[in-house]
Amino acid sequence: MSDWIAIGAMGLVGVGLPLAMMAVSALLRPSVPEQGKSATYESGEVPTGTARVQFNIQYYMVALLFLVFDIETVLIFPWTVIYRSALEQGASLATVLTPMLVFIGVLVVGLVWAWRNGAVKWVKSPQASRRKTERKDA
Amino acid sequence: MAGILDFAPAIVLLPFLSFLIALGAGRYMPKGGALAGIGATAGSFVLSIATFFAVSGGQTYNQTIYTWAEGLDAINLTFGLLIDPLSSMMLVIVTLVALLVHVFSLGYMNDEGETGLPRYYAGLGLFTASMLGFVVADNLLMAFMFFELVGLCSYLLIGFHFRQDGPPSAAKKAFLVTRFGDYFFLIGVVAVFATFGSAAFAGPDAFPVLAEEALNGEHSVNTFLGMGEQAWFTVVGLLVLGGVVGKSAQFPLHTWLPDAMEGPTPVSALIHAATMVAAGVYLVARMYGFYVLTPTTLAIIALIGGFTALFAATMGVVKKEIKQVLAYSTISQYGYMMLGLGAGGYVAATFHLMTHAFFKALLFLGAGSVIIAMHHNENMWDMGGLKDKMPVTYYAFLSGSLALAGIVPFAGFWSKDEVLYETLIHGLGGSPILLAAYAMGLLAVFFTGFYTFRMVFLTFHGEPRSGTARDPHGVRWNVKGPLAVLGVLAATTGLVNMVPVEKLFGIEGIDFLHQFLDGSFSSLNAHHYAELIPYSSGYIGGEAGTVAIGAAVSLGFALGGAALAHVLYNVPEPVEHTDKLGSIKTVLYNNYYQDEYQVWIATGVVQPISRVLDKFDQGIVDGVVNGISSVSLFAGGRVKRIQTGVVSNYAALLTLGLTALLLGLGLLGGWFA
Amino acid sequence: MTPLQTLPEWAATAPAIVLALTGLALLLIDTIDPDSTNNGLLAGTATLGALAAGGIAAWFLIGGTGMESTGGAISLYGDALVVDGMSLFFTLIFTSVTAMVTVASYDYLADEEYQGEFYSLVIFAATGMTLMGMSNSLATVFVSLELASLPSYALVAFLKKDRGSIEAGLKYFLIGALSSAVFAFGISLVFAVTGSLVLPEVAATLAEGTELVGVLGLGVLMIAGGFAFKTASVPFHFWAPEAYEGAPAPVSAFLSSASKAAGFAVAFRVFTVAFPLETVTAIGGGSVDWSLLFALLAVVTMTLGNFAAATQENVKRMLAYSSIGHAGYALIGLAAITVDGGAANGDVLGASMAHLLVYGFMNTGAFLFIAMVEKWGLGRTFEDYNGIASKAPIAATAMTVFMFSLAGLPPFGGFVSKYALFYSAIESGFWWLAAVGAVNSALSLFYYSRVVKAMWIEEPSKPLEIGSQPVGLYVAVIFAAVGTVLLLPGFQPVIETAQTVAAALF
Amino acid sequence: MVPPQYYLLLSAAVFCIGIFGLLTRRNALLFLMSVELMLNAANINLVAFSYYWGNVTGQTFTLFTLALAAAEVAVGLGIILVLYRNFDGVDVTNATTMRW
């Protein structure tokens, strides 16, 4: 039964934490309403119009990178599970640590490459820059 | 142990290398690649000499170099080298003649401003290499392959002047006629493999040895067509003999050889003395251990040899062109060798092969020298009186002629006499066939003496009969050198095997060749063959008496022929006496209508059969093949329609396929139980 | 060879490690200067890496690493990987093909962008293949198979603006994704039956028998499907014609030679080690006779491949179908295994491996020749090949060697390897397989000789213009041709090695 | 405890749904999603029988398949992207320039 208590507590915390944060910010922030702020945030895209717009391709790139790196972290999971017990059973630190360092190292090489090749560099799309100039002119 | 024999492969490879060089770089080299050829053959010659002495010292070499097809059960197809006295002797002969021919070619080809020299020297190199490969072959299949290469090279070289009319057709004829014999040889090779599972000449599974054991009942072999072993071996031997008859220009496949005179004269020398024609006889000698087991084959060989010797000699009598005379003399001389082999005179035949190589090369090169001098006019009736103009050529040629005619003490006398002697004693031992063959051989001696000296007298003696003969073209060292070397050899090589002297005067130990060929592999030496010979010997008045009588008779016949030639032609103004022969003359001029009847066989018999076969081939075989191919293509056209290009269909078909496999294997394997 | 035995055990995976490091190094080179591409440096690094890995594999193979003479197979990481003669032999195939492909790509890619990516993808795929050869657990099999597949998808679709390349990539990817799902499901079923993924343990559990024959059978069938995809065998071959036709020609060469061999490498090991025929054919009242399955697939695959190839007009597509046909020949290696085969099993498997090696050379060479023709811009159909020999005799001679060798004519490597394969099939009692193979070979001569005829005999319909003489492509093509020819005299050691290492599996 | 056969049935059902999806949908993205379903069917088996056999092999392998599926999707999306550019859409049956 105690398991259920733990799960219930986790659920409560999960719901409570964001609620609390929203409440705190509502209490603390100064309220200066203006049109831009009241608009729905849509990752920098124009939030109005049909949903079938062509999204900037760069979202795609970021999404792909995220997906891959996100899932790779899953592979760290089994390692963390055995990390402590392996050390306790007398495996040397190097034996336990090296594989993960190699793994992370490979990921880092990939990340650096992606970075250098501009995969995470946010280039302004023509649409976005046009909008910005429009706004400046207005 | 790296003995000299380990370098034996180089003997074959060096001329091959010169072939490659001449082919690839000949046109950039001075003399059109001749120097490479000379260097290579000289190297081979030196190695051969070394090999020869090593073999004399008792060393032998029998090794598989490369297995190019691993056998299914026991049959391996291999390349290997077999160096024994016979092959080492042949190596020396071939490399020496090839070297001299290369040198001579400098005079005959280069100095005469021929074009296409790289092609010529490449051909010579490959020809030499092929022949050497054939000589050292350690199994029948390898021998066959090089045998064919030799044939191919002769085709290329005979047809060297391919822009003229004669040479290409002569080349074709040479190729086709020898090919005809080779078909039988090829079947023979297959038969040997099928019978013995091995085609090695020597070693543990040498087929002659296996055959011998089979006949003694120690060993079983596969025979076919329901024949007994003896009969089947005879068939196999005769099949292989087909190739020999073709290559060595024996009756009835000799017709290509006179035509082959269309090739450049040095090539003729090479073909006749040391390579192509010699290959046939050498093959018989090589597998003599097999032939000697079947008396029928031996008798046939002897009969073919004796008949060819006489038959060709008579045709040589009436020829006008110097090279034609030599061509028929070649056929005739190889007939003697076959006679010797058939009569059980293994050493005698080998001996004659050697002496003939030297004196025939000499005669051809001499003829070549004369032809240079005569500005490529080969008609003897336009010559005459060249004796004083070109003494070196004359004396060398004379030496060769004396050897060819068999005048003591020149080389030909000793070897021919031994062949006839062996035939005689084995004939007297109770074989009438051999006696008949002996008679023919003896008669041929007379004709040989006659046509040889007719040639000599017409060419060199008397008064010049044309402008060019009065003022012949000079020849240089590169022509005279080889002539001198061969002239000496033609005079002296007979001394290595003076059996008559030994027998008559009882001097032991001067039959060097006998002793030499008796060395090495016990299954390959002369002694072993002598034991197996199916003949017994008979004598007239004891051994010495028979020797003396035989020698005297054959010498007498030779001198008789020579004397007749002297009477008829050694006059200042010789005239043709052929009219006295009457109707025989026409027959002889037409070579007994050999060509005509072969052409008739080809057009009258073979062609209709071919036509029927062609119908069968076109209609039924091709029909089936075409049918299959169009069915295949149609099926292919249908099959590829599965590939619709739509990936969804692929996924569906893939799933269907998997399901079908699941159902099929599942039902068979009881998965759904 | 003492030095080998003094190395630590993990060093046995050195070929894979070298390849992986090369791939990373290529990424780093591209990272340092992403804007400019130094084609020569990239191609050189990739080639050097491949050659180094191949050299190490050859050294190990000669030194007897992982073989009987030095104490048997080296298994690493809890039996997840195993290094033995077979894995090294296949590594040799992969690396030599990779080296040829990277050298050829130097010219083929000269005007393309993203070269760093290209070479690193090739090398990573090669790493995956090498690991496939070493995999000793269904987990590593799956992971390494995907490691080889994923870069291949990208490579096929490498020409982003070429519709053919994209279409090829799409089809390859979709069928590949489907196949890997099937494959994964098969693995899960086998795991359900045996509770293990390590191949010897699977076999050990199966030897004790199981109730779930149907589940096991389906699992084995699906695993076979995964390999059939990799080897382009029926019914998972549908991607192959399009992928090979549309892909950049060096990639086609890579996929049809190395990738196919990798599929066979892993299939050989999985089926002989995890599902020994004598165990699975008599298991709990049922039988999973995969030898029959492969016999069926072999016949259908070679027939379909050859028949479809015979009617092609496009040379590259013809080669693609012929590649399917050759997969059928190689499948004989698995099909002709019998329960009581004894030494014959090792012989036929080894013959199949040797054929894959020879095939690696001749097929890579053929596709690279096509790469050269594409580079010259001559077109892809047989007519476009008319008269090439008059302009490029050396390349045409090499192509002739490839064609005749693929058809199995002497005196080229393809003749002996096919002969050895058919012969050992007959030895195992599968004369009908050999007969079907021989009939198909005869048919294949028809379409292979069409190429030769076009190149040497036909007159070009329009004047031929051959621009550049691409050095890298020439080097690769000639290397492949020399390899194809030399494998005839050198076939004896190859087949002996292959049959020895194959026999070690049984 | 749920009997293991039920897991087999569940996974087989999921697998078949996946196959059905990819046979009937022409949209490349839906094709990919169907494949994901099939992979997850495998995962169900692996996890369930990992529990049944009492070892973590299956569970660990599930993590690998997840990671690989993600990687596959990453590559696949890239290919679908260029497909969209070259063939103006993500219908997999549009790309049929090569056939037979």
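Just so it is clear, glycine is given a Cβ too, placed from its N, Cα and C backbone atoms.
Listed in TrEMBL:
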TRANSMEM  B:7-28  transmembrane segment
TRANSMEM  B:34-53  transmembrane segment
DOMAIN    B:68-121  domain 'NADH-Ubiquinone oxidoreductase (complex I) chain 5 N-terminal'
TRANSMEM  B:89-108  transmembrane segment
TRANSMEM  B:120-137  transmembrane segment
DOMAIN    B:137-423  domain 'NADH:quinone oxidoreductase/Mrp antiporter transmembrane'
TRANSMEM  B:143-162  transmembrane segment
TRANSMEM  B:223-246  transmembrane segment
TRANSMEM  B:267-285  transmembrane segment
TRANSMEM  B:297-318  transmembrane segment
TRANSMEM  B:325-347  transmembrane segment
TRANSMEM  B:353-373  transmembrane segment
TRANSMEM  B:433-453  transmembrane segment
TRANSMEM  B:650-672  transmembrane segment
If contact means at least 3 Cβ pairs within less than 8 Å, sequence distance 6 or more, would you call the transmembrane segment (B:267-285) and the transmembrane segment (B:34-53) in contact?
no
Does the transmembrane segment (B:120-137) come close to the transmembrane segment (B:7-28), meaning at least 3 CB pairs under 8 Å for residues 6 or more apart?
yes
Confidence over the domain 'NADH-Ubiquinone oxidoreductase (complex I) chain 5 N-terminal' (B:68-121), expressed as mean pLDDT on the 0 to 100 scale, is 77
Can you tell me which parts of the same chain pack against the transmembrane segment (B:120-137), counting only residues 6+ beyond its ends and a CB-CB cutoff under 8 A?
8, 11-23, 26, 32-34, 36-37, 40-41, 44, 79-83, 87, 90-91, 94-95, 98, 101-102, 105, 109, 114, 143, 146-147, 149-150, 152-154, 156-157, 160, 201, 264, 266-267, 270, 274-276, 278-279, 282, 286
Mind checking which residues reach the transmembrane segment (B:89-108)? Cβ under 8 Å, same chain, six or more beyond either end.
11, 15, 31, 34, 37-38, 41-42, 44-45, 47-49, 51-52, 83, 120-121, 124, 128, 131-132, 135-136, 264-267, 269-270, 273-275, 278, 282, 350, 353-354, 357-358, 361, 365, 368-369, 372, 475-476, 478-479, 481-482, 485-486, 516-517
Residues outside the transmembrane segment (B:143-162) whose C-beta sits under 8 Å from one of its C-beta atoms, at least 6 past its ends, are 116, 119-120, 123-124, 126-127, 130-131, 133-134, 137, 168, 170-172, 174-175, 178-179, 182, 185-186, 189, 243, 247, 260, 262-264, 267, 270-271, 275-276, 279, 283, 286
